[in-house]
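Here's the structure we're looking at; comments come further down.
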Amino acid sequence: MSEPRTTQPEKDKKKKPAANEGRSNLPPNVSNAEEDEVPEMELFGFMPRGASMKEYLEVQTVHLFKFPNELNKQEHHTDKYYNMQLIVRRAQPFHIQIDFNRPYNPEKDQFWIEYLVGRYPQQNRGTYVPVPLVEELEPGKWGAKIIRNLQNSVNLHVMSSPHCIVGKYRMYIAVLTPFGIRRTNRNPEIDTYFLFNPWCKEDSVYLEDEKEREEYVLNDIGIIAYGDIDGMKSRSWEYGQFEEGILDACLFLMDKAQLDLAGRSNPIKIARIGAAVINAKDDQGVVVGSWTNEYTQGVAPSAWTGSVDILLEYHSSGMPVRYGQCWVFAGVFNTFLRAIGIPARIVTNYFSAHDNNANLQMDVYLDEEGKVNSKLTKDSIWNYHCWNECWMTRPDLPVGFGGWQVVDATPQETSDGMFRCGPASVLAIKHGHACFQFDTPFVFTEVNCDVVYHKVLKDGTRGVEYVDKTHIGKKIVTKEIGSNGMQDITDLYKFSEGTEEERLALETALMYGVKKEAGQDIQSVSDVSMDFQVENAVLGSDFKVIITFRNSSLRRYTMTAYLVGNIVFYTGVVKTEFKDKSLEVALEPNGYTPVEVLIRARDYMSQVVEQASLHFFITARINENKKILAQQKSVVLQVPQLHIKVHEEARVGKEMTVLVNFTNPLNKTLENVTLRVGGPGLLKTATKLFSEVPMNSSFTWTEKCTPRRAGMRKLIASLDCEALRHVYGELDLEILSAQST
C-alpha cells in the first residue's frame with residue numbers, strides 16, 4: 001500500500017517547521033481504535049475511459065470461521081471469548097476462505113491479504129502487513145498458503161509473525177489489476193484480533209507446560225491470599241478476561257497509556273506501561289487507590305468481586321474508577337495480561353517491606369525507654385502485599401533471567417517518573433542482582449531486607465540496637481495450579497533464611513545499591529528472649545495477648561516491657577493507638593514467665609478499619625544490662641461469611657435461582673449494607689442495597705441467572721458497609737451442557 005503523502009499549500013511554505021521535522025513526517029501512532037481511510041481503488045495512473053473491471057478478479061465474501069465451535073477459535077484457545085470477531089494467537093496458522101466472482105487462476109490472477117492497525121500504516125513499523133501467497137508457511141514470517149482452490153472459492157492457511165503487534169487489525173483483500181490495486185471495502189465484520197501465544201515456541205511468552213497455560217492464561221477465576229501470616233485467608237476474584245467487552249477494554253488501556261503501536265509486540269513494554277495505567281495516581285489510569293477507610297465517593301476496595309465491572313466502567317467513561325487497594329490493582333492487572341495472552345498470576349507476600357529511602361532495609365527508631373519513635377520511623381511493613389507475575393523472555397537481561405517477572409500496579413514509589421514497578425526478574429531478585437532493570441532493588445527489599453532497630457538518645461545520638469533478619473517476606477504464595485489451595489513460592493524469591501546463600505544475596509544487593517552503616521551487623525544473641533501469641537480473635541469479642549519471657553542463664557533478671565496496640569491499615573500505617581500497657585517482669589534463672597493482657601472489644605471496635613487489622617508492638621528493656629528486645633505482630637480479626645445456595649439444576653440456557661444468606665453477628669445495627677454477587681459465564685454482577693440489618697438478625701437475597709457456559713463455574717458474593725468489610729462467600733458449581741431439543 002502506498003505510504004501516506006502530505007501536501008503543503010503555497011501560502012504555508014514559509015511557516016515555522018514542525019517540531020518533528022527532520023525525524024518523521026507522521027505524529028505518534030498510539031491508538032488501536034483510530035484508523036485512516038483506505039482507497040478501494042489505488043490507481044497507478046489514470047483509468048482509461050470506458051475501461052471495464054468485470055473481467056478481473058473481485059472478492060465477493062470472506063469467511064473467517066470465527067464462531068466458538070469452529071476450527072480457528074478452537075485451535076487458538078480463544079473459544080471462550082464472548083466476542084464475535086475472529087481472535088487468533090500470533091505465529092499459529094488459521095483458516096480463511098475467499099469467494100471470488102469467478103474461479104481464481106494463479107497463472108494470471110494476483111491477490112494478497114492486508115492487515116492494518118491504527119493510523120498512518122507503515123510496513124516497516126508493523127502497522128501495515130501485506131501477507132504474500134507462499135508455497136509453504138515459514139515459522140517466524142507472515143504468509144498465506146492456498147490449501148484448496150475449488151470453483152469460485154479459495155481456502156487458505158494464514159500465518160502471522162511471532163513478533164507482530166498485539167491488537168485489533170483491519171483486514172482487506174487486495175487484487176492486482178492493470179490499472180491499480182482493487183481492495184475490498186471497509187468491513188468491521190472481518191476485523192481480526194492477534195494476541196500473544198503461550199503455545200508457540202517462537203513467541204516471547206511461550207510457556208511449556210499445558211497445565212500452567214490452562215491456569216495462567218485460560219482460567220478466568222483466581223484465588224487471592226490476604227490476612228496475616230498466622231491467619232492466612234483467601235478470597236476468589238473474577239478475572240473475567242473472556243467476558244463481553246473486556247478484550248476491547250484492555251486494548252483501550254494501551255491507547256490510554258499512549259504506547260506506540262510498534263511497541264505492542266513487546267511484552268516487556270506492555271507489562272511496564274500496564275503497571276502504570278492500572279493505577280490512576282499520575283496518569284488518569286483505571287483505579288484510584290485509597291487507604292483512608294472513607295469511600296462515600298465510590299466503591300470500597302473490599303466490595304469488588306472481580307475486574308469486569310471496573311474495566312467496563314473505565315472503558316465506557318474514560319475516567320478512573322474509585323476505589324482500589326493492592327489486591328484490586330493486582331486483580332485488574334491480571335485480567336489485562338491474560339486477556340491479551342500473557343501468562344500471569346497474583347502473588348501475596350506476607351510482611352512486605354516498603355522502603356521509603358531506598359537503603360534496602362527497614363529502619364525502626366526507639367527512644368531510651370524502648371518505645372517506637374513514630375516521627376523518625378518512616379518505613380512501613382505491610383501485613384501482606386499483592387502484586388503480579390507475568391511470564392516472558394528477557395532479551396534485555398543476561399541469559400537465564402527470563403521466566404516469571406514481578407510487575408506491580410499499586411502506586412507505592414515512582415519508576416522513571418511514574419507510579420509503577422517492574423517487570424523485575426524473580427531470579428534476579430533471589431540472587432540480589434539489584435542492578436537489573438526494572439525496579440529490582442525495590443522488590444528485593446519487599447521480600448528480603450533486614451529490620452534494623454535503632455536506639456535514639458535524648459541528645460540525638462543513634463546506635464543500632466538490634467537487627468531482625470527473618471521478619472520480612474515470611475511467606476510468599478500464589479494460587480495452586482488446578483485447585484483453590486495456595487502454593488508456597490517463597491523459595492523462588494529468596495534462599496532459606498539464615499543460610500550463606502541468603503546472606504550473600506543480601507550482600508550482593510547492597511553492593512549494587514547502598515552501603516551498610518557502621519555497627520549494623522550487631523547480632524541479637526541474648527540470655528533473655530521473648531515471644532508472644534494472640535488468642536483466636538473474633539471481631540466484636542474480647543481476646544488475650546500472651547507474652548512469654550524466657551531466661552536461659554543462671555542469673556536473675558528484671559525487665560520493663562511495653563505493649564502498644566494500634567489500629568492499622570493493612571499497609572502497616574497506624575490509624576490510632578488503642579492500648580498502651582507497661583509491664584514489670586522478674587525472670588528467675590533458667591525460668592520463664594508468661595504474662596496475659598486482656599484486649600477488650602470496646603477498646604478497638606469504635607476505631608477498627610476495613611480489614612479489622614490490629615498491630616501489637618512489644619519492647620522490653622533488661623534493667624541489668626540495658627539491652628532492648630523488640631517484637632511485633634499483626635492480627636486480622638475474624639469476620640462473618642456469606643452463604644450462597646442454588647436450588648435448581650445448573651444447566652446452560654436454563655434459568656436458576658441464587659440465594660445469598662447473611663447473619664449479622666455484631667451487637668449493633670449495620671447500616672447502608674451493599675451486597676454483590678456474580679460469576680463469569682453465570683451472572684453479571686448484581687447489586688442490592690439494604691438500608692439496615694439489625695443486630696443478630698439474618699436476611700436472604702434472591703437473584704435469577706441463566707448459565708451460558710458449561711463446566712466448573714463459581715459464584716462470588718461480597719458484603720460491604722462502614723462497620724463491616726471483607727465479608728465474602730462463594731459457591732462452586734458444575735454447569736451441565738444444554739439439553740438437546
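Quick reminder: no glycine exception, Cβ is built from N, Cα and C everywhere.
Under the heading region 'Disordered', TrEMBL lists 1-35.
Here TrEMBL flags 22-32 as compositional bias 'Polar residues'.
Within the same chain, residues at least six positions away from Cys326 (active site) with a Cβ under 8 Å of its Cβ are Trp382, His385, Cys386, Trp387, Thr410. The annotation active site is assigned in TrEMBL to Cys326 (among others).
What TrEMBL lists as active site is His385 (among others).
Residues annotated as active site in TrEMBL: Asp408 (among others). In sequence order, Ala275, Phe329, Ala330, Trp387, Asn388, Arg420, Cys421, Gly422, Val443 are the residues of the chain that are 6 or more apart from Asp408 (active site) and have a CB within less than 8 Å of its CB.
The Ca(2+) binding site annotation in TrEMBL covers Asn448, Asp450, Glu497, Glu502. Packing around Glu502 (Ca(2+) binding site) is summarised by its Cβ count: 18 other Cβ atoms lie within 10 angstroms of its Cβ, all protein chains included.
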Binding-site residues compared (Asp450, Glu497) - the one with the fewest other Cβ atoms within 10 Å: Glu497
Neighbours of Asn448, Asp450, Glu497, Glu502 excl. site residues, C-beta within 8 Å of centre, Ca(2+): Cys449, Lys469, Thr470, Ile472, Gly473, Lys494, Phe495, Gly498, Arg503, Ala505, Leu506
Site with most surrounding Cβ atoms, counting all protein chains shown within 10 Å, from the recorded positions His385, Asn448: His385
